[in-house]
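Chemist: Have a look at this one.
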Amino acid sequence: MKINMTTDSSTFYNDTDVKHYYTITYTLILVPGLIGNVLALWVFYGYMKETKRAVIFMINLAIADLAQVLSLPLRIFYYLSGTWHFGEGLCIFCFYLKYVNMYASIYFLVCISVRRFLFLMYPFKFSDCKRIYDVYISIAGWIVVCIGCLPFPLLRFNSSEMNTSNRCFADLPIKDIDLSNSIVMMTIGELIGFVTPLLIILYCSWKTILSLKEKNSISHDFGEKKKALKMILTCAVVFLICFAPYHISFPLDFLVKSRWIKNQRARNVISIFHAVALCLASLNSCVDPVIYYFTTDEFRRRLSRQDLQDSIQLHNRGYAKKHSRTVEEGEVVEY
């Protein structure tokens, strides 16, 4: 059984208020998200050799967030003008990038939680863990996420309709798909992309809380456990606030678009809820730098006034030395 899932501008998503909400939210996210993630990458690069505590995963999380933030100006322009002027290829890519960012963020939040949990619970086994393993895990994660997110643009890409319209993002038409296949894909996506990561983060939080109740922990060990719990719980809170609403609204929105839900009021409520959920998912891009600041001692230390000045001076000296070496080599060649 195939179902028609093309957009209906009279019922949902093309509502002016929803588009204004998108515009306002993305504008508020843009500047702090850009500054926060660029600063995070700069700080992580500075202390990457000093710690093994999930810094590789944090770098990848910042890269995913920065990629999403850099696409926001195009989204803002589209929702303000109501017309897409940049070609169907860039439209589909930006649409695809949003889901890659969301599921890459979920993946690396889980990696950060698991890494801190393992480092805390099995310090002798994982303290000497080589950073290259985290690099391999990150590469594998990117590959899986990029492949797993392909159905989102593929189900939206319809060259015959896109060539005759200037629509993009939420206004993209959806292909007619078999109902049973849709349910299978949606169920697999929810289980792998949301339920499983949520259970892993909750398990890490639960085991860390139990370890805090152990009476034989020394004071230093207790302090480390509290720091680890703070990081893991923060990841869990961000996960629930930013990603849970979307994964609740996604199947409901599917029922609206497939016209299984007939009541007009229910359709409008679900459509608005889904729009809010999408904005909350994007909010993750400027929330993650806040996680780094409040849960990572090294991050706060690097952003302290003295360390910031020292780091800037060190970068300037390195640049000056490299520049002088380049000039000297150029003079030798000219001679």
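Using N, Cα and C of the backbone, Cβ positions are placed for all residues, glycine too.
Quantities reported herein were computed from a predicted structural model and do not represent experimental measurements.
Pulled these features from TrEMBL for this protein:
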DOMAIN    36-292  domain 'G-protein coupled receptors family 1 profile'
TRANSMEM  20-45  transmembrane segment
TRANSMEM  57-80  transmembrane segment
TRANSMEM  100-121  transmembrane segment
TRANSMEM  133-155  transmembrane segment
TRANSMEM  183-206  transmembrane segment
TRANSMEM  227-248  transmembrane segment
TRANSMEM  268-295  transmembrane segment
Chemist: In the same chain, who gets a Cβ under 8 Å from the transmembrane segment (100-121) while lying at least 6 residues past its ends?
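Modeler: Hits for the transmembrane segment (100-121): 52-54, 57-58, 60-61, 64-65, 67-68, 127, 134, 137-138, 141-142, 144-146, 148-149, 193-194, 197, 200-201, 204-205, 207-208, 211, 224-225, 228, 231-232, 235-236, 238-239, 242-243, 246, 281, 284-285, 288.
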Chemist: Residue list, the transmembrane segment (227-248) vs rest of chain: Cβ under 8 Å, 6 or more residues beyond ends.
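Modeler: Distant contacts of the transmembrane segment (227-248): 102, 105-106, 109-110, 112-113, 116-117, 119-120, 190, 193-194, 197-198, 201-202, 204-205, 208-209, 212, 273-274, 276-278, 280-281, 283-284, 287-288, 291, 294-297.
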Chemist: Calculate the per-residue pLDDT averaged over the domain 'G-protein coupled receptors family 1 profile' (36-292) and state the result as an integer.
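Modeler: The predicted confidence over the domain 'G-protein coupled receptors family 1 profile' (36-292), as a mean pLDDT, is 82.
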